[in-house]
Structure formats: C-alpha cells, structure tokens
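Annotated in TrEMBL:
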- 7-394: domain 'Catalase core' (DOMAIN)
- 54: active site (ACT_SITE)
- 127: active site (ACT_SITE)
- 334: heme binding site (BINDING)
Ligand code: HEM
C-alpha cells in the first residue's frame, strides 16, 4: 500500500471519508458506521493530561560534544573521551501556565536535556536559573498553587504569589531573579540552563565529587522588558526555535561544571545542598567541558515533545544524586507523573527509549510492546523473574555499584526548621551587581504585582528587601508609591 491511499487505523483502504452510511440522503445513520465511529471515538481520546507544571514548551534534537574529559571524577561513558558525541533531546518550557498560556510570561524557563548514552538515558532536568524558590519538597505543591490561577476566579492572581513569598523568605533570591530583567527571556535560544541542584560524580576509585551543571548560551543573553512582553506573539518563543533550526541556524550552549570535593563540602560555611543558594564562582570556578547543539526539529509535536518524559532520577553509572532535600523529592515525583500522564510503558516510546539494550524483568501493562520486535527493549525473553538459572538472561553488573554516600556523623532523624538561615545575602549580592536600569526594572516589576496586595504582605516583602539591601527596599517602596 502506498502512502497516498487513506486507510483505517488497522490499515484497510477507505473508499469514502466524507459521507457516513445513511438511510437515504437525509439520514438517519445506520448501525454499521463503524468507520465514522472509529474516527469519533479516537478523537474523544486525543488529549492526555498536560504536565502539572511546565505544560507549555517546545523540544528539539541535537548533539552534546565533550571537549574536556571528566574521567578523573566520573566513570560516565559519555564524559570520558574528548570529541565524543552524544545524541540529546531538549525541551524548553515555561512553568506555571497551562498549555493555553503565553510564551513570554514572567516565569522561570525549564531546560531539560535527555542524553541518550550507551549506558542508558541521563536526564538533566534544570531551569534557566541557578537557584529555586524552595528547599523542602513538601512546599512544592503549595508554591505552585500560589503561581497558578485563583481557584475561585480561574484568573492568574499575583496576590497569591506574594502572599506565599511574604510567608516564605527562603524564596527571596529566586524572586529577585524572576522579577529582574532576566525574568522574561527573549527566546529559548537566548538563555542559560542550570542543573540548579548539586549532583554527584563518582570515579573508578570510588571517590565522590559534588557538581553543578551550567549551560551558557552561545547566542548571548537577551531579555524582554515587561512592556515588550505584553505585546509579544504568544507563540513567539516556540516559533523562534523551530524556525532557527529549520533554516540551519543551530543554537548552541557551552557546557560547564562546578566541582566540589567531599572535604570542601564539609568545610564550606554555607550548605552546598541548599537549592536557594549558588556556589561562589571564585571558590568553585566554572570548568568548560562541552558543547550542546540543537540541530533537528521533531516530526510530530505530540508524539515526541508532548510525550517526552524527563526524570532527575535517570542517572547513568558515574553520576548520582546528593543530599539536597528538593532533589530527593524530585527523584520520586517525575516517574509517578509519567505513569499518570503518558502511561506505564512511557519508556518504550521512541523519544524516551534508550538507544542501548534495555533488559529487565518488568512485564506487560498498557501499550507494552511499543518497542519493535528485535529492538532495544528485550521484554520478550523467556524468563520473567530474577534470580533464575539462565545464563543468557539479564543479571546485575556489580562493576557499576555506586560508592556509599556519606551522611553527617551522629545525625538525628527529625524535621529541621531552617528558618535561622541567611536568605538575604545572596539576593542582596545579586541586587548590588545590577545596573541602575536593572535595579529600576526589578523594583517596577515587583511593584506591578505587590501593589495589588494588602498592606501586611507589602510590609513583610519590604522587610525582606531591606535585609537584602536597603536600596532594594527603598526602590520598591518608591515604585509602590508611584
Ligand atoms: C520538589 C520539587 C519539584 C517537584 C515535586 C517537581 C515536579 C515536577 C513534575 C510532576 C513535573 C511534570 C513531569 C511530567 O509530567 O513529565 C515537572 C516538570 C519539570 N520540572 Fe519539576 N518539580 C520540582 C522542582 C523542580 C526544579 C527545582 C526544577 C529545576 C531545577 C524543575 C524542573 C522541571 C522541568 C524543566 C520540567 C519539565 C520537563 C519537561 O520538559 O518535560 N523542577 N516537575
């Protein structure tokens, strides 16, 4: 059958796609219109749940090229040999809005990279900001609710966001980034990506190193002022990426890492696993390790980008997690979301499938067998249990055992209130390196939302700005009065 003959979903040729079978030209329809019904029934099932966060986004394929070997710190295969190229899929997104929202919302941007390595898929699920609003995962649903639409009016409501932030000063650093000129990237090509979290590398000697990813845009940072964003094309960021790749203007990022030894982590005066803080660049310099390039658009947005499933727990030997409490929460959250949103066999879909053999004893479930027979997913082997007596069945490989992770000696199991910590110095440092224009944009952007809040929320926010820098508070106070 050629591609030009219309068929049913079972492959049978269709003679007439315009007219249902009816009793005479005026109807009614008869019971044997199974073809019409197939179309209507499939249409009813076209939607799957959108991502609960990061619903609006766009993705593309590309390549990561290693320019500096990291073999001293990790056994990860794709980070061994300079010049090694690894296929990637990247999805960029906004966070709070649904699929029907705007590309140029003032919002962090997701920066999720799937590396298809020969040891399995490694996902770097980061944002365009080096820190985050929270440091305990139990606050994530509360925080996201405060960013979403008002539950009564179904309209975005900045009063909710500031009410949360007034009660949660840990967020001040990220709030300062979000409300600054960096808060609205001019395109996905003109922003950086960060792991934000601290992760770990481990090498063949079993030594562990803490690290963070930084992906610096080679297109330069470009941002939109609030008034430019207000009149921008709602689909502008998505179109910009697709069109750039279509015309061969491939966007790229320089990949860098910051690395910290276990001893340095023990000696550090700050908590290196606190997601609301950056690591000082003078103490932990950025080391350039590779180039990330996007060079191929998807063929089908839904099949590939919408069904792409990124998980911070997708590690490969040589890369692992850290004690960061937020990261620990994320290690469980994503696969749970994928099973609900896409289905239990989401890892068999081409965009998610590893490009190396996949051998395990999980079986069946909705849509099992999506991977073609003879493909990488060997779910058809005879044994479906382990241990077994078969020489040719999959077995664990002890050579990739992760070294033990240290915890603080004598640590107690409890709920730790971190309210004593310094939420202000790094936010103030960021404010102090801004130009006068950037400081004014920051104050004006904050006043736009904070001006709608009640006096108590305004006072508590001003008190936070004051602790970061008195000039920060003075500028916001003046903008509120203007
Ligand atoms: C405890 C904190 C967090 C929780 C529980 C959480 C949960 C989620 C969930 C459920 C999704 C949707 C997944 C899907 O349906 O495919 C998601 C998407 C995403 N999250 Fe988080 N998240 C957290 C924090 C973060 C942080 C700190 C970052 C960045 C550093 C981040 C970056 C992303 C990105 C980029 C996506 C979109 C991935 C894609 O393009 O498919 N999240 N998150």
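Yeah, the Cβs are placed from backbone N, Cα and C, and that goes for glycine too.
For the pair formed by residue 127 (active site) and residue 54 (active site), distance between Cα atoms is given as 10 Å, rounded to the nearest Å. Of the recorded residues, residue 54 (active site) and residue 334 (heme binding site) place their C-alpha atoms 12 Å from one another. Listed in sequence order, 125, 309, 310, 311, 312, 313 are the same-chain residues six or more apart from the residue listed as 'heme binding site' with CB atoms under 8 A from its CB. Secondary structure at residue 54 (active site), as computed by DSSP, is coil. Neighbours of residue 127 (active site), defined as other CB atoms within 10 A of its CB across all chains, total 23.
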